[in-house]
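Pulled from TrEMBL:
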REGION    194-214  region 'Disordered'
TRANSMEM  335-353  transmembrane segment
TRANSMEM  365-382  transmembrane segment
TRANSMEM  388-412  transmembrane segment
TRANSMEM  419-444  transmembrane segment
TRANSMEM  450-473  transmembrane segment
REGION    476-508  region 'Disordered'
COMPBIAS  479-508  compositional bias 'Basic and acidic residues'
Amino acid sequence: MRHPTGSALAWLVHPATVTATFLLLVNDHLLKALWPGPITGKLSDFAGLMVAPPLLALARVPPPAAIAVTGLGFVLVKTTQTGADLASQAWTLLAGPSLVLADPTDLVALPALVAAWAVHRRSRTGHAVRQARTLVIVPVALIAVTATGQADMPQQARTVFSDGETITVLSDHGHGNGPVVSRDGGRTWVKPVPPAPAPGSAPTLSGRPSPVTRSCVPGDPAHCYRVVPPRLAVDESRDGGRTWTTVWGVSKGREELLERTVTEHLGPGAWQGSQAIVVHPVAGGHVVVAANGSDGIAVRDADGAWRRFGFSAGGFSAEGAAPLDSANVSLTAEYVMGSFAGLFVFLAGVATARRGGLDEDGPAATAYVLAAVGFFVAAMGVSDDGFLSPLFVAAGIGCAVASLVNAAIALLPAGRSAWTWTCLITVPVFTALVICAVFDGWVAGTPDRYSTAVLISWLTAIAGAAVSVLVACKGGRRPAREGEDPPEAGRDRFWKGGEDPAEPDPHR
C-alpha cells in the first residue's frame, strides 16, 4: 500500500527533508563553530525552513497552513525584536538557554518554503519504510530544529588591541564569535563583516594576539594601566609601575552577584573577570579599554570617565551591561533556608513552653525529627540543579509543614495564653521574612557582600530564637475555665484518655 501524496510522515521522511535535517545537525554543531559567519547562519535558516513545516504537519496542521505559519513566524522573528524575544523564550523552554536574533537579511531563506511545498507534493512511501524511517527521523528532526535555537557557549571578551586607529576586541565562544571593533575611540562598537572567501579557497585559521594585562600611554611610559585576572578592575600607575591605584572596578559583592548570575544561566566555570587591557591614543588624551571576560568591556574616555559595555547583537553597548542592583538571580535557596530558620525559631519556643516535661512527647519528637529531615532534604534540592531538585525542595517543605503541625499539637496541652501563642507564631514569621528581605537587599546592593547577608541572617535567626524562648518563659498560661483542671494538673489526662494523675501520698 502507498500513502497519498503529501502525507505528513511521508513528507518528513522524504530524502530532501532528511538531508535538510542532517544538514541542520552538522551545521549547528560543527560548521558554525569552525566558520562562524553569514554563510553558516543562512544555511541553518534554509534547512530549518525545510524541516519545520513537516513537523507542524505531524500535529495535524494542514500542509498549506504549516507552510504559511512557518513563513509568517519566520518573518516576525527576523524583522521584529518582539518576535525574536518570544522565539528565544520558546526555544529556552524547549531546549534550555537560547538566543534568537532579529536579522532581516535572513529573509533570503524564504524560498526554502517553496522547496518544502514541492517536497510535500511529491512525498510517497511504503508503510513499512515509512514506519522505520519515522522512528529515526522524528526525534532527529526535533533535535535538529531545536539546535537552530540553541544559545552558544558563554561569550567572553578575552583580548583587546589597538593599531593606532582601530580598537579590536576578540572574544571566545558566544553567538557571532569574532572581532568587535571601534573606530571612534570606544564610543561605539560593531562587528565587521568578514570578507567572502575566494572561490575554491580553503578556510584559514588566523592567529590572535595573546592577552596583554599591562599597557602604557604612548609617549609616557611611566603612565600605565593594568588588569589582574580574575579581578574585575583596572589599576593605574603614574610612576612606572612602582605603585598602583584602582581607578575602575565593581565592588567585591557586585562581582559575586555577576558571577552568580552568569553561573546560574550558563553553568559552573562560565564566569571570567578582567582578561586584557590596551591604551589607545586619541586627540586630547588617551582611551583605555579593558576586556572583562563575561562582563564585556570597560572603556575610559579621554576625559577620564569609565563606562561598562555589555554584549549585544551588534557588538557591545552600554545598554547590554548587566545591572549591578537588579540581577536576574534565583534566591530559592535563600528563601527556603529562611523559612526553615523561622521553623526552628518556632520549635525553640515550643520546646521552652513545654518545659517541666509533659509526659507525652510523641508529637514534639515527631516535629523535631521532621524539621531535621526536611532541612537536609531541602538543602539537597537547592544545592543541585538536577532534574529531581524541585522534588527534593517540595519534599523538604512538606516535612516542614508536617513539623509545624506536630509542634502546634505538642504545645496545646501546655495551656499557653493567647498572647503567648500570638508571639510564638509572629516571631518565627517575622524572622523568616527578615532573612528573605536581607538577601533581596543583597541583590539590590545593600548589603554589598553575600557573606554580610549570611551573617545578618544568622544574627536574625539567633535573635528570633532568643525572643521566642523569652516569650515562652515569661508568657502566661490561659486561666482554667470553671470545672476544668488547670493545665498543669490535667496535662496527663489530655494524653491518657481522661485518667486522673496519681494523687500524692499525704503520709510521705
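From the backbone N, Cα and C atoms, a Cβ is placed for every residue, glycine too.
Note that this is a predicted model, so its numbers are computed, not measured.
Within its own chain, the transmembrane segment (450-473) is flanked in space by residues 253, 256-257, 334, 337-338, 341-342, 344-346, 348-350, 352-353, 355, 416, 420, 423-424, 427-428, 430-431, 434-435, 438-439, 441-442, which lie at least six positions past its ends and keep a Cβ under 8 Å from the stretch. Within the same chain, residues 332-333, 336-337, 340, 343-344, 347, 350, 388-400, 402-404, 406-407, 410 sit at least 6 positions outside the transmembrane segment (365-382) and bring their C-beta atoms closer than 8 Å to a C-beta of that stretch. Counting only same-chain residues 6+ beyond the ends of the transmembrane segment (388-412), those with a CB under 8 A from a CB of the stretch are 332, 336, 339-340, 343, 346-347, 350, 353-354, 358, 361-364, 366-368, 370-371, 373-382, 421, 424, 494.
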